[in-house]
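Engineer: Pasting a structure below so you can have a look.
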Amino acid sequence: MSDQQQLPVYKIALGIEYDGSKYYGWQRQNEVRSVQEKLEKALSQVANEPITVFCAGRTDAGVHGTGQVVHFETTAQRKDAAWTLGVNANLPGDIAVRWVKAVPDDFHARFSATARRYRYIIYNHRLRPAVLSKGVTHFYEPLDAERMHRAAQCLLGENDFTSFRAVQCQSRTPWRNVMHINVTRHGPYVVVDIKANAFVHHMVRNIVGSLMEVGAHNQPERWIAELLAAKDRTLAAATAKAEGLYLVAVDYPDRYDLPKPPMGPLFLAD
């Protein structure tokens, strides 16, 4: 057996934050910019060996993350500062490591997760924003956040989310368990906060698109429940834009003792 094969293997988890506006999604793809590709390149430079990461949730093009979690395996023994400060020094400015934690062999960023949490940020103002234009979705019609919140409560629990599932979704089942969904207003911002065991493709953005129709008084509150029962994607509203969506947290069993930093996004109170 070679010396290389005898080296111990370390499993490391990282918390990742990124502005997805300049990337073609999380997942590494040929000939396009991805968050995964940039992170793996930076980690490989620090580890001095090729690194492959596994993430909790593969976000789409333009979607952001403040609470993404990844893991990787390496034979490189490094101090925590190397996996945070060192990796950040090799990353572009719109991707950053937030924390590092050594994890046991049975940990997997995706399969060990018990829930994912997203926040969708709507800038509800007559005039469009400039500085935050890629970090929020602009909607100029006045939105009734309390009405949206009431309408959304029918989505709680285990349901068939076919009406809010992208046509190209590859999940084996449309059933998902929504643990909470809250709609609140913070000045000009309307925030849709949703947590579930997992999500079908475009689920959050499709729900938000329909909730905005309710909030603008273009549809009655009962419409969301009717859409859920219909199990027909063609009846729901258009998919909300990617810019306002953030993966803000991923839940894991307490035994892994992973850090839980403020969720953000940072321009909102947590």
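Cβ from N, Cα, C; glycine included.
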Engineer: Under Swiss-Prot, the annotation region 'RNA binding' belongs to which of these stretches: 82-86, 107-111, 192-196?
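Structural biologist: Per Swiss-Prot, the stretch marked region 'RNA binding' is 107-111.
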Engineer: With the ranges 48-52, 168-172, 253-257 to choose from, which does Swiss-Prot describe as region 'Interaction with tRNA'?
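Structural biologist: Spelled out, Swiss-Prot records region 'Interaction with tRNA' over residues 168-172, not the other listed ranges.
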Engineer: Quick check: of the recorded positions listed here (Asp60, Arg126, Phe139), which one has the Cα closest to that of Arg110 (site 'Interaction with tRNA')?
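Structural biologist: For Arg110 (site 'Interaction with tRNA'), the spatially nearest of the recorded positions is Asp60.
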Engineer: Provide the number of Cβ atoms within 10 Å of the Cβ of Phe139 (site 'Interaction with tRNA'), excluding the reference atom itself.
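Structural biologist: Its Cβ shell of radius 10 Å holds 20 other Cβ atoms.
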Engineer: Please report the distance from the Cα of Phe139 (site 'Interaction with tRNA') to the Cα of Asp60 (active site, nucleophile), rounded to the nearest angstrom.
Structural biologist: 21
